[in-house]
Amino acid sequence: MKIYLRFVWILIIILNFLLNLFITTNGVIIVNAFKKSLIVAASFASLSLFNSATAELVYKPLEQPVEPAKPDLKIESVNEKFAEKYPNQYNSWRSTANGDGENIIYADEENPRLIVLWGGYAFAKEYNAPRGHFYAVTDVRNILRTGAPKTANDGPQAMACWTCKGPDVPRLIAEWGEKDYFNAKWAKGGPEIVNSIGCADCHDTTSKDFAEGKPALRIARPHVLRALDALEKATAEKDKAEGRPHNNLSFNTAARTEKRAEICANCHVEYYFAGDIKQVTFPWDNGQTADDIEKYYDDIGFTDWTHSLSKAPMLKAQHPDFEIWSLGMHGKNGVTCVDCHMPKVQGADGKVYTDHQIQNPFDAFDHTCANCHDQSKEKLRDIVTSRKKEVKDVMGRLEDQVVKSHFEAKAAWDAGATKEEMEAALMDIRHAQWRWDYTAASHGGHMHAPEVVLRVLASGLDKVADARTKLAVILTKHGVKTPVQIPDISTADKAWKVMGIDIEKERKAKEEFLKTVVPQWEQQAREKGLLVDPPAQK
């Protein structure tokens, strides 16, 4: 039925174009009458099929548990304090500052369409390719998205924006409790969160096991433990219903293989800021697929922002790496993040240790891929490169179509379209861009689960086709000539101008913030003993 109606709409558009092109002025009355009848027919068709999608989103936040302060929970957040006892691990961790991570890749300048896709949202100001763990705190300070706050209660972002950036976060949650941690502005964390992603993010560094050289894996962020419990419930029910074997996913009772992957789910996941206190929450109650998470957001009426052009109620994916990995062949076969990105290697002292320079598996091929695959490095690299190209090609086509849909929706609003007319098309835009972002925001999805990524992108193309078909009917009804002209967004500067972003103003404010505010934060942190200089390299 859906395909049939899409065909009907396309036929209506073609007939309308031909009528405008070939009928003489003597036939204007007939043409207008025929056009009106076509539009009425299309409107009835859309109402019959898409009534369920036209309900206005009303946010109904799910009540989340809030952990109180736990003063007895000790978390040592200063990474340098473990350098002497674990030099191989520490020095390899510091190496995440080297190589490709030294250079910032300005993704929005390489692909200006991103600026339009995130119109009205802070990501439109600046979006960079990810760097090594060593830079987590530096990069969140430097990015234009976090603004230029002057006081602890100033600035555009919530405290939650720190939550993945380092071991000072679980330390603060333990000291303050979740409510006092989340219910604040980002700037409040400036003097406190100064150590980048490191030891205590993954290990119980105060435990006897850790002192004896054992991994002592621990998740100290309460919201992550809750999310894994919710995921365990959702997947256990699905696996039982479909007769599949099930692995326990609740961290504290999970097997070692699951724990080694779930540690990375501290951060490499999709999440949103829930309720008035902007509490970090993982939308896993239904499962981890793009459809599961979309349904979760739609059911509670959650919206990250309203798009500045289309007025669509948008969702912003974060980095659903754990989700996509778990859906792919590596995840299904128990090959974890650690196996590929943190292999066992031998140090200069002859000791075997886990390499903490999180890196591309091809950079340590003999210790990673070659453990399972008998193909050559060149052969496997060619396969991965080919998959990446396939994903990028489809992703680019979806980007292009969604960008056009935003401008077409704006043209419809400008021509007098009503909220009732637009709701279904805007939901399709929401769902199309969500599918694009779910795949685009994933680091290495083309490797972790290319078949999953391509399937999600294909469904995104279906959604944006639905949106543009409905918009074409609305535009025709309101007398807008199609195709709608898209402004020149061929460079980042042109795209920022089209989207009304004064990028130089943003950059100047950030520069002043980095010169005046950040040094104060670091001085306060040093006075508290939270920030220390790294040991001299031997």
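Just so you know, glycine gets a Cβ as well, placed from its N, Cα and C.
Record check: Swiss-Prot places C337, C340, H341 at the heme c 4 site, and the matching candidate among H203, H223, H448 is H448.
What Swiss-Prot records for the heme c 2 site is C199, C202, H203, and among H356, H367, H373, H406 the residue it adds there is H356. Cross-referencing H133, H431, H446, H478 against the heme c 3 binding annotation in Swiss-Prot, which names C264, C267, H268, picks out H133.
Between the alpha carbons (Cα) of H133 (heme c 3 binding site) and H319 (substrate binding site) lies a span of roughly 15 Å.
Other than H133, C264, C267, H268, the residues of this chain whose Cβ falls within 8 Å of the Cβ centroid of the heme c 3 site are, in sequence order, C164, I197, A265, N266, D321, I358. When the alpha carbons of C264 (heme c 3 binding site) and C372 (heme c 5 binding site) are compared, the span between them is 22 angstrom. Recorded residues C267 (heme c 3 binding site) and C337 (heme c 4 binding site) have their alpha carbons 13 Å apart, per Cα-Cα distance. A separation of roughly 13 Å, to the nearest angstrom, links the Cα atoms of H448 (heme c 4 binding site) and H268 (heme c 3 binding site). DSSP gives H319 (substrate binding site) a coil state; it is part of no helix or strand. Within 8 A of the CB centroid of the heme c 4 site residues C337, C340, H341, H448, the other residues of that chain are C264, W325, H330, V335, T336, V338, D339, P361, G444.
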